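Annotated in TrEMBL:
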- 34-51: transmembrane segment (TRANSMEM)
- 39-477: domain 'Major facilitator superfamily (MFS) profile' (DOMAIN)
- 100-119: transmembrane segment (TRANSMEM)
- 162-183: transmembrane segment (TRANSMEM)
- 195-214: transmembrane segment (TRANSMEM)
- 220-239: transmembrane segment (TRANSMEM)
- 285-303: transmembrane segment (TRANSMEM)
- 323-343: transmembrane segment (TRANSMEM)
- 355-376: transmembrane segment (TRANSMEM)
- 388-409: transmembrane segment (TRANSMEM)
- 421-442: transmembrane segment (TRANSMEM)
- 454-473: transmembrane segment (TRANSMEM)
- 499-527: region 'Disordered' (REGION)
- 515-527: compositional bias 'Polar residues' (COMPBIAS)
Amino acid sequence: MVSNGIYASDLSYPKEQKQQCLIYRMFGQVPARLVLYMLSWSGFLVSFMMRTDINLTIVAMVADPPKSSMNVSHEYCYTTDNETTINAHYGGTLQWSEKVQSYVLASFYWAYIIAQIAGGVATQWLGSKKVFGYSQLVTALCSLNLPWASNTHYGLAIALRFLQGFASGLTWPAMYALVGPWIPIPERSRFMSSFQGFSIGIGITYPLAGYLIANFGWPSVFYTTGTLGVSWCVVWYLLAFDSPETHPRISLSEQRYIKENTADAKIITKEHKTPWLEIFKSPHTWAIGITTFGRIWVHYTFMIPGPRYMKSILGFSVEKNGLLSGLPFVCSYIASVFFCYLADKLVTKNIMSLLAVRKLMTAIAQVVPGILVLFIGNVGCQIDLVLVMWFVAVTVVPAAYAGAMANVVDIAPNFAGPVLAFAQTIHMSASFLSPLAAFHILDGRDLLMSSWRMVFYVTAFVSISTYFVYQIWGTTEIQPWNYVPDLPRRDEQVELMEGGRSDNDTEPVIVKNGTLDTSGKNGTTVT
């Protein structure tokens, strides 16, 4: 939501109150968009540290099940003789069954899905700064309380994970809602790479958790991630703002550049009714939701059952498990920056159309990992080859952030938050269905490679088949329901991406009734 009175009416810089703040004096020349990028990047990093810390930690929390009397030594990649040397036993004490473990892990994602629509609505009413910040704080406080809850009763652990999931579910719609008014179209794919801070978060969490478990015990994992979460919230409160117009530090030139290149993006408030029915009826929003369902399925196969596979089949110690589970996600962040940069260049240099780029990146993110997991399930105990394919599969998944995920802002820059909430309600169901399906298939047979092979077959089918929905119904055209009544209906996106707008076409920035107005009249001109 936009407030009045931040800028003087003579196109001057923001009011001199900013000079009173040491932070603004120190960082006054840093572009506000860069600050937002770093806040987005670090925010998702911390968020995913708090949501994924339990994925590896749970294998050290829970006592190992009794070994089956059947001879399955040929099914896994280490022998009984060297099992103790490899240290595949992690010393867990909690007596949680496979079903209880699946409920603890999945409870986060049940609530996460419920929160998606609430996130889109809350962002309109409260603004992204409050929604994102308070969500992170609640998630952090839950992490700090998970150790005693787990030791008391698994029901308390499920309740805290459920609360974490609901809070975390508000973050994505809140951040997406900032993209439309803050990020110029030529920079959007690159800005989307900031969301890949979550890959670094996952990549850091697994090896950090392995180290902490081995040296300080599993409760230290939750204390560490929770403390980082609370600390980050302080930084967010000081530096985040809902729009360029409410930012007390942004320069005149940067604000004007943002205004001229955001293609009618507007701060949508509670005064503007969200077109939920049109969003629901649109085949293009369904295409985004369904195809990314497949991406989430394959992604969460690596994230949640993955550490169990490395323990049960590959026989890795907890520290090696953490390192090899997390390192591919660090590689995926580097890849996300490359894919987003490549997508921008392919479009701005007219090598490919925006739609063709979105579909290409989506195919890389889903078809390639789908094929690779088929091979992982069939190469047996060639551990080096398994790890190479595992790394490549995880690394290319983030290409989706220059594909179908970026498409959310393409088709509805004014309602990116609600559209994302709708798409995530569909695709995030895979975040709990994927591990539940894996636990159901394994069902105490996680030492059997044949069981894991079936897990990978199902993953490959879901990942590849859902891509074709986007191939058929994906589009980059701004949808008619994106426009609000007081905003001109014009599509500047292609022109801006191709650099076709001249300097003479710029318009003054207007604040009208507390929101941006481009009509050029009945408003107060601001910078």
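Quick reminder: no glycine exception, Cβ is built from N, Cα and C everywhere.
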Stretch-level contact, the transmembrane segment (285-303) and the transmembrane segment (454-473), CB cutoff 8 A, at least 3 pairs: yes
Closest-packing stretch to the transmembrane segment (421-442), where packing means Cβ pairs under 8 Å, from 100-119, 162-183, 195-214, 220-239, 355-376: 100-119
Mean of the pLDDT scores, which run from 0 to 100, over the domain 'Major facilitator superfamily (MFS) profile' (39-477): 83
